[in-house]
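Novice: According to TrEMBL:
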SIGNAL    1-35  signal peptide
DOMAIN    61-182  domain 'L,D-TPase catalytic'
ACT_SITE  His132  active site, proton donor/acceptor
ACT_SITE  Cys158  active site, nucleophile
Amino acid sequence: MRTITKVATTLVLTSGMLIGGLSLKAATSTSTAQAATAKVINWRKPSQNKAYPSFKTHKGTWLYVSTKRQRVYFHYKNKITYIMNCSTGKTSTPTPKGTYHIQAEHGLRFGGPLGGARYYVSWKGHGTYLFHSVPINGKGQYITSEAKKLGHKASHGCIRLAIPDAKWLYTHVPVGTKVVIH
């Protein structure tokens, strides 16, 4: 009788380990599949498939930058009118938190032989902290490896945007627009 009990116990434990192992493998496969299908942000396209908000018809629009979610939210009368993907500062070079306003400094391109970015708009330090496109190299070409980081902390404190988002912001945001970063 003891032999039968030992055999039965061994079978139950072995079956449990096999099923548990299969479950773990299935869970790992599911996690891997989910990670592989996580949304990749296209830095060459606008963040949303809808028209950008109008600062002319929506006077009082202000921007909220979430360093946690890596998003820029356009607010008008307690409603979010548009959301842009962004990349804020890395842990070692964080984006300053607080309330700021869009400043007069802006331009089509900044940088030098080592690189820079396009479509920049200052919000702190009169050219020190900017909204701008994903980075470019010294030849003016977008740096794909850096652009692919859009949606993750990646900058030295500036706020990186997809190319069309940066261009639109550069073209349309009025000086004095409130920017809240948290």
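Any Cβ shown, glycine's included, is placed from N, Cα and C.
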Novice: Write out how many residues of the domain 'L,D-TPase catalytic' (61-182) are helix, how many strand and how many coil, based on DSSP.
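Specialist: Computed counts for the domain 'L,D-TPase catalytic' (61-182) are 14 helix, 57 strand, 51 coil.
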Novice: What is the separation, in Å, between the Cα atoms of the residue listed as 'active site, proton donor/acceptor' and the residue listed as 'active site, nucleophile'?
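Specialist: Their Cα atoms are separated by 8 Å.
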Novice: Can you give me the same-chain residues 6 or more apart in sequence from Cys158 (active site, nucleophile) with a CB-CB distance under 8 Å?
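Specialist: Gly89, Thr95, Ala117, Tyr129, Leu130, Phe131, His132 - these are the non-local Cβ neighbours of Cys158 (active site, nucleophile), listed in sequence order.
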Novice: Count the Cβ atoms, other than its own, that fall within 10 Å of the Cβ of His132 (active site, proton donor/acceptor), considering every protein chain shown.
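Specialist: Excluding its own Cβ, His132 (active site, proton donor/acceptor) sees 26 Cβ atoms within 10 Å.
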Novice: I'm checking region-level scores; what's the whole-number mean pLDDT for the domain 'L,D-TPase catalytic' (61-182)?
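Specialist: Averaging the confidence scores along the domain 'L,D-TPase catalytic' (61-182) gives 98.
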